[in-house]
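Q: My questions all concern the structure below.
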Amino acid sequence: MMVRTPSSDKNGLKKGTWTPEEDQKLVDYITRYGHWNWRLLPKFAGLARCGKSCRLRWLNYLRPNLKRGNYSEEEEETIIKLHRHLGNRWSAIAARIPGRTDNEIKNYWHTNLKKRSEQDSATDSQVSNSCEQSLTTTTEPSGNTFQSFNSTQDYSPFSQNSSSSITSTECNTVTINENLAPQDEFAFWDADTDLMTGNFWLESYMRDISYVPNEPEYSFDAELWSHDN
DNA sequence: AACTTATGCAACCGCTGGCAT
DNA sequence: AATGCCAGCGGTTGCATAAGT
């Protein structure tokens, strides 16, 4: 999709839409030498672009293993759930969705999922409130009600571990101050997910973003994407 | 058919945190 | 401790295209 009309900044560096030739130069260079320094890379790659632009283009469009096209139901659900607990931490969300970039997820959220999530949380809130009335007696002033994560729950849409019995309607609620939620709530989340063994999707993502040439050519693809198809 | 408005998404911008000196 | 550089992140913009009138 053509978006921005090519133009130049004051340093003569090109801005706007990337051409196929530029893409090819960037891919060729990174494939051969890797991205050791984004600021210097365009100069060595023969590109009249700033390093930032090159980095963005590579990470969001050119790097291997990017999944293009429609989102699956599982991906949508995962994004909504993750967003509910991580907020606008798109890179953290993207780290748990193999093949999708933070930029892409962010765009998709704003164009497709935001409204749906708001509807869902409105429904959840009603359910939670009714549960709270029967199960909980403590409520912080100005606190919000939301469903807590079972720390052993695996949110991967590709997870083979489906033993979790927690459902979205289960009355497992906690009441928090919205402003305090991120640190406390996500501390356990991050720690927990880091401890998860066999977290192939995070691992694969990290391999993606730290692309180094001369690796065996994506030999992990088959295993990785077999979970997806 | 012509025009207007809404939508999708690639790319840009500015800020922040980590690291080296 | 202060400073500078860099990568990374998230918000925002701008434009092509689709949909509506």
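Glycine is treated like the rest: Cβ placed from N, Cα and C.
TrEMBL does not curate its annotations; it predicts them automatically.
Okay, so TrEMBL annotates it like this:
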type     : residues  : note
COMPBIAS : A:120-155 : compositional bias 'Polar residues'
COMPBIAS : A:156-166 : compositional bias 'Low complexity'
DOMAIN   : A:10-62   : domain 'HTH myb-type'
DOMAIN   : A:10-62   : domain 'Myb-like'
DOMAIN   : A:63-117  : domain 'HTH myb-type'
DOMAIN   : A:63-113  : domain 'Myb-like'
REGION   : A:116-166 : region 'Disordered'
Q: When DSSP states are grouped into helix, strand and coil, how many residues of the domain 'HTH myb-type' (A:63-117) land in each?
A: 35 helix, 0 strand, 20 coil
Q: What counts of helix, strand and coil residues does DSSP assign across the domain 'Myb-like' (A:10-62)?
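A: Per-class counts: 31 helix, 2 strand, 20 coil.
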Q: Could you please provide the mean pLDDT value for the domain 'HTH myb-type' (A:10-62)?
A: 87
